[in-house]
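J.: After the structure tokens below, expect a handful of questions from me.
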Amino acid sequence: MSTNNSDIRVVVGMSGGVDSSVTAHILKEQGYDVIGIFMKNWDDTDEFGVCTATEDYDDVIRVANQIGIPYYAVNFEKEYWDKVFTYFLEEYKLGRTPNPDVMCNKEIKFKAFLEHAESLGADYVATGHYAQVKKIGDEIELLRGVDNNKDQTYFLNQLSQDQLKKVMFPLGGMEKTEVREIATKAGLATANKKDSTGICFIGERNFKQFLSEYLPAQPGEMRTLDGEVLGKHDGLMYYTIGQRHGLGIGGDGEPWFVVGKDLKANVLFVEQGFHHESLYSDSLIATDISFTTNAEKPKTFECTAKFRYRQTDTKVTVHLRSDGTAEVVFADPVRAITPGQAVVFYDGDICLGGGTIDTVWKNEAKLDYVG
């Protein structure tokens, strides 16, 4: 049932998955002038020598032909390497745990891809993200997707007004089950394709093995904060704050967890117990602060925040500092705050923006062992 949208061109980022397939299908049904673009961001083959990107592009072709839209593949490998993968490696060198999805959305999907789409005459770009945009006056608000389990605003926190004004998220008002139902009803080739998980350029491969191809591993000591040596680690880059698995520490009592790293001494700090006090902090300093609206922000404001994907919101007070960083003070102590990850601010369902966790604090003292 077409409406009068035929003079509005929407370029859809199609990954070969069910979400972007349904996105393209919905927009086509609504009468838009739809073009599908497959972004080739990584030159990759799996352990069987099969290029997973080729398989995904084949699915894009099948779906595009089914719904009757033109499609193209565009190579963003250089941009992805320069803007996302280089950043990913640099963060790991610093002992941090980066979030490449945030950078990919900021630099590739809603920058390089958006610019390419505009060269094709696009009025908007659309993706299969579970998020919503809403026009309020001259501003576009970024809102959580209605499916709490799939909401992806955490990864979109760095988008600007200029980017949001050009974006459509047709799946934002739906549950994942509805999306699958639409795909099945429409007979789309990707209706039963399983969702991709993990970091796109690692895919199904072993994370340690992948990282060691780019960064040399430097094994070292595993110690408690009091200095007791408990074993060896395989390389600091393989561990993240709060991690339990892969430590290889036996014995009685509660499990052991990563609580910090000393990059200079190449030491991994571990402590026993999920709720060990060294895992908790009450504030952080964040860099790369970005807001989704242009509205003037007070120097201090209260909101809620997420410190990792799918985490429950925490009440916080944000103090914007003159050097462009922000101090984020938690209403209650939070476990396993991890440098390199995103801190994302919310006002109800509105995603206000966010930044990158830089340092972690407790009782107004920096926790040097965290990083």
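For all residues, glycine too, the Cβ spot is worked out from N, Cα and C.
Sharing the record's features from Swiss-Prot:
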type	residues	note
ACT_SITE	Cys104	active site, nucleophile
ACT_SITE	Cys200	active site, cysteine persulfide intermediate
BINDING	Gly13, Met14, Ser15, Gly16, Gly17, Val18, Asp19, Ser20, Met39, Gly128	ATP binding site
DISULFID	Cys104-Cys200	disulfide bond
SITE	His129	site 'Interaction with tRNA'
SITE	Gln341	site 'Interaction with tRNA'
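Each of these features: where is it, how hidden is it, and who are its neighbours?
T.: Under DSSP, Cys104 (active site, nucleophile) is assigned to a helix (H, G or I) in the three-state scheme.
For Cys200 (active site, cysteine persulfide intermediate), the number of other Cβ atoms no farther than 10 Å from its own Cβ, over all displayed protein chains, is 18.
With a cut-off of 8 Å between CB atoms and residues at least 6 apart in sequence, the same chain places Gly13, Ser15, Val74, Phe76, Ile108, Lys109, Phe113 near Met39 (ATP binding site), listed in sequence order.
Following the DSSP three-state reduction, the secondary structure of His129 (site 'Interaction with tRNA') is coil. His129 (site 'Interaction with tRNA') is surrounded by 26 other CB atoms, counting those within 10 A of its CB over all protein chains shown.
The DSSP secondary structure for Gln341 (site 'Interaction with tRNA') is coil.
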J.: Which one of the binding-site residues (Gly13, Gly17) has its C-beta surrounded by the most other C-beta atoms within 10 angstroms?
T.: Gly13
J.: Please give the maximum pairwise Cα distance, in Å and rounded to a whole number, for the ATP-binding set Gly13, Met14, Ser15, Gly16, Gly17, Val18, Asp19, Ser20, Met39, Gly128.
T.: 16
